[in-house]
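Beneath this line is the structure, given in structure tokens, with notes to follow.
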Amino acid sequence: MILSVSAMASALLGFYVGALSDRYGRRRVLILGTAINAFAFLVLSMAESLAAFVVSITLCSVGRAIWEPPASALFGDLIHEKKSRELALQFRYFLVNVGAALGPVIGVWAGISAQQSTFGLTALSYLLLCLGFVWAFRYSVAGKQSVAQRHTVTDFSGTLRVLRQDRVFLVVVLANILTLFIYAHFDTSLVQHLTQLQAPALVGLISSMILINALTIVVLQFPLLRVMRGFCVNNRMLTGVIILAMGQVWFALNPADFTYGWLGATFVVSVAEAILFPTMSIQIDRMAPHHLRGSYFGAASFYTFGWSSAPLVGGFIIEWLGGSFLYWSMFVLCGLVAILYRHSRRISEGTSQVRSASSKDYDDRPDGEVENPDGAVESKTSAMA
């Protein structure tokens, strides 16, 4: 409950902080976010009461909310060529998963796993990152250029008006919230479902599923990117949602004692994750006007509503209706997400000219061409047809 409430509150904060980073620059916000994270994990390493744990967990959520939008927007500030920027966003997600896969292994090897003092090392890592940002923004050429940028003088209410008028973006945000809600039942509710089914060797099964998830993303993310390089962003998302739907059906039908079936379903959902999650960042990057990139990534913080509400909703459904009903429901919800993505593409065909006129990439494109949010480049005549 504490984690869910903290995550929902951080989504609102992330939205506001993203807008602030557009107005006042990324440097101050990023340094503040890393400093808060360092302090939060330091408190967590010394916490001995429930109140201390609540405060530290809340600060962790606040620090992440402050850090995430400007960190994502910074790629657009520093990398102006679109393909290179999108590859950097893909590589960022890859490194996050490498860290998630190797972190526990390194912790066990170092003999520090399952100790509260481990959080002290995390605090030290954030402190070093904070100092790295201070140095980079002060002494590197790219950092100095980023500090000099002030992307917008629009106040927060003006930013809200822009976002409210971007119907394509609003539909995409809703679709992605639902996507995160669906995926989160693999990350949270599945353990409760397996426990209810009394699956054999549960601890070993869950460990194997975590390993397969991490390895699938690390090994297949870039091969999948190469295979799908001819797909527009919208079609990549649709493909990922279809694969995610297949995983939900597999979870719903798999017998409790069929271990390899659970592992196979995990692989399918992990493939969907490798397609969907990095593509979400590319979606936002393509839709955001250059002067409001932080605000758009901040609005993407609302994805957290899907992730944080899943444990509560999933737990209730499993308790009263069963795990199979939950995953069949998620399969149906995947269909709704696919409809929303297709609807966003139809909306974009009538609005791409207006939106592209405000984007940075529009200025770099020959006259007569515009780009839809799904990545397709077309003539203005065909866009209005």
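Placed from the backbone N, Cα and C atoms, the Cβ positions cover glycine too.
Taken straight from TrEMBL:
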DOMAIN    1-347  domain 'Major facilitator superfamily (MFS) profile'
TRANSMEM  29-55  transmembrane segment
TRANSMEM  91-112  transmembrane segment
TRANSMEM  118-137  transmembrane segment
TRANSMEM  168-186  transmembrane segment
TRANSMEM  201-225  transmembrane segment
TRANSMEM  237-253  transmembrane segment
TRANSMEM  259-284  transmembrane segment
TRANSMEM  296-318  transmembrane segment
TRANSMEM  324-341  transmembrane segment
REGION    351-385  region 'Disordered'
COMPBIAS  358-368  compositional bias 'Basic and acidic residues'
Where else in the chain does the transmembrane segment (168-186) make close Cβ contacts, counting only residues six or more beyond its ends and a cut-off under 8 Å?
237, 241, 244, 247-248, 251, 266, 269, 272-273, 276, 280, 283, 287, 296, 299-300, 302-307, 309-311, 313-314, 326-327, 330, 333-334, 336-337, 340-341, 343-344, 347-348, 351, 355, 373
Near the transmembrane segment (201-225), which same-chain residues lie under 8 Å Cβ to Cβ, leaving out any that are not at least 6 residues past its ends?
90, 93-94, 97-98, 100-101, 190-191, 194-195, 259, 262-263, 266-267, 269-271, 273-275, 278
Using a Cβ cut-off of under 8 Å, list the residues of the same chain at least 6 residues beyond the transmembrane segment (237-253) that approach it.
175, 179, 182-183, 186, 190, 193, 228, 231, 261-262, 264-266, 268-269, 271-273, 275-276, 279-280, 283, 323-324, 326-328, 330-331, 334-335, 337-338, 341-342
For the transmembrane segment (259-284), give me same-chain residues lying six or more residues beyond its boundaries with a C-beta closer than 8 angstroms to one of its C-beta atoms, as numbers and ranges.
72, 86, 89-90, 92-94, 172, 176, 179, 183, 186, 194, 199-201, 205, 208-209, 212-213, 216-217, 220-221, 224-225, 228, 233, 236-237, 239-241, 243-244, 246-247, 250-251, 296-297, 300, 303, 373
Per the Cβ under 8 Å criterion, with at least 6 residues separating them from its ends, the transmembrane segment (296-318) contacts 1, 3-5, 7-8, 10-19, 21, 65, 68-70, 72-73, 163, 169, 173, 176-185, 187-189, 192-193, 196, 280, 284, 287-289, 325-326, 329
Within the domain 'Major facilitator superfamily (MFS) profile' (1-347) only, compute the mean pLDDT.
87
